[in-house]
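Visitor: I have a structure I would like to understand better, so I am pasting it below and will then ask my questions one at a time.
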Amino acid sequence: MTESGSMEAEAQQPHANLDGLGIFWITFALSWTFIITGGMIFLWRRRDMPILRIRVLPLSFLAITLLHLYWGAVQTGYVWFPLAAPEVEYWIMSIYLPCGIALFHASNSRFLHVAKAQKELFASDSASIISKRAKTKTFFCCFQSLNYTRKILIFVGAGMAFQLLLTIFMFLISRKFHSSFGIPGTEVTGTEDFQKSQMRRGWEWRPSVFWQFFWAWIVAPYILWQARGINDTQGWRTQTIACCLSSLHATPLWLIALYVPAMSAVNNFWVPPQWIALSIMLLESFTIFLPCWEVVRYNTLRQEALESIAQWQSAKLLGLRDLGLGSPGRENGFLPSSKVLKT
């Protein structure tokens with residue numbers, strides 16, 4: 001009886017799901033990480049190319065890194081979610097996801113800034129440009145004199161700090177995560193499994209959901225509308241539009257997976273945050289691999305142009321030789337003056 005009781009107790013204890021599906025998710029996460037890392041290294045080694053320099057790779061890579069940390073944690077969630085406390089998932093989703101999404105769309109929106117700056121450059125005269133760059137000592141004017149990248153980093157940094165403080169505040173006041181302190185009425189009673197299920201939903205998650213919804217359904221459509229009619233030869237417009245469309249499904253499907261009872265069977269194999277991870281995969285693909293393809297295409301066209309020039313120069317030299325021009329004893333296709341006098 002003692003041995004059977006101990007075996008039942010061990011079977012009821014949470015354990016990592018290292019079955020076939022769990023091993024698949026781990027292998028898939030590692031493989032995709034290596035692929036993304038290889039693409040980032042490929043772009044970084046060619047960062048001086050104009051087609052990449054305009055994209056500000058450090059900002060894009062920082063956003064991709066934060067999003068990929070969230071993606072890796074969620075993609076392997078089937079394995080480690082039974083072992084981890086819901087508080088861990090709360091902190092991962094409340095920090096990595098909002099900060100990564102904010103940095104990503106800050107980088108993504110630079111397309112509109114560059115297009116607007118080019119229009120102003122060609123439409124404005126030199127006097128107006130100089131007047132816009134006039135130096136003043138007020139704080140607002142000093143902020144206005146900063147370039148777009150620094151401005152957007154200041155805004156995003158302030159938003160990230162606010163999100164961090166809000167996450168800490170909501171964690172402290174909610175008794176879902178700790179029963180000893182917090183606002184009365186926020187606690188959850190019931191079985192342990194029921195308490196864990198309620199910890200993964202509720203008003204504590206709304207800020208992170210709001211930011212994902214804000215960037216995907218408000219900022220992204222605005223970028224799509226502003227990007228219409230912009231002529232782009234470097235694939236940046238296509239990348240921007242594709243990234244905006246990639247995030248639209250994430251929040252609705254995540255909420256459906258959490259609150260629709262019929263999705264419980266799917267959640268046993270595909271955890272709800274993986275719907276957001278799917279959009280992150282699309283963002284990474286368009287941000288990394290589309291520029292890689294543009295670089296390869298640029299190098300191919302450049303090599304073809306160099307070969308065409310070399311062939312044209314060779315054909316020109318052969319044509320001159322066939323006409324007797326440029327043969328030995330002649331200067332620029334004509335006889336020397338001494339030989340002309342002798343004749």
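Every residue, even glycine, has its Cβ placed from backbone N, Cα and C.
Annotated transmembrane segment per TrEMBL: 23-44, 56-78, 90-106, 152-173, 209-227, 239-262, 274-293, in sequence order.
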Visitor: Who are the long-range neighbours of the transmembrane segment (56-78) in its own chain, taking Cβ under 8 Å and residues 6 or more past its ends?
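Guide: Those are 17, 21-22, 25-26, 28-29, 32-33, 36, 40, 43-44, 47, 89, 92-93, 96-97, 99-101, 103-104, 106-107, 110, 149, 153, 269-271, 273-274, 276-277, 280-281, 283-284, 287-288, in sequence order.
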Visitor: Cβ under 8 Å to the transmembrane segment (23-44), counting only same-chain residues 6 or more beyond its ends: which ones?
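Guide: Same-chain contacts beyond the ends: 52, 57, 61, 64, 68, 71-72, 75-76, 78-79, 281, 284, 288-289, 291-292, 295.
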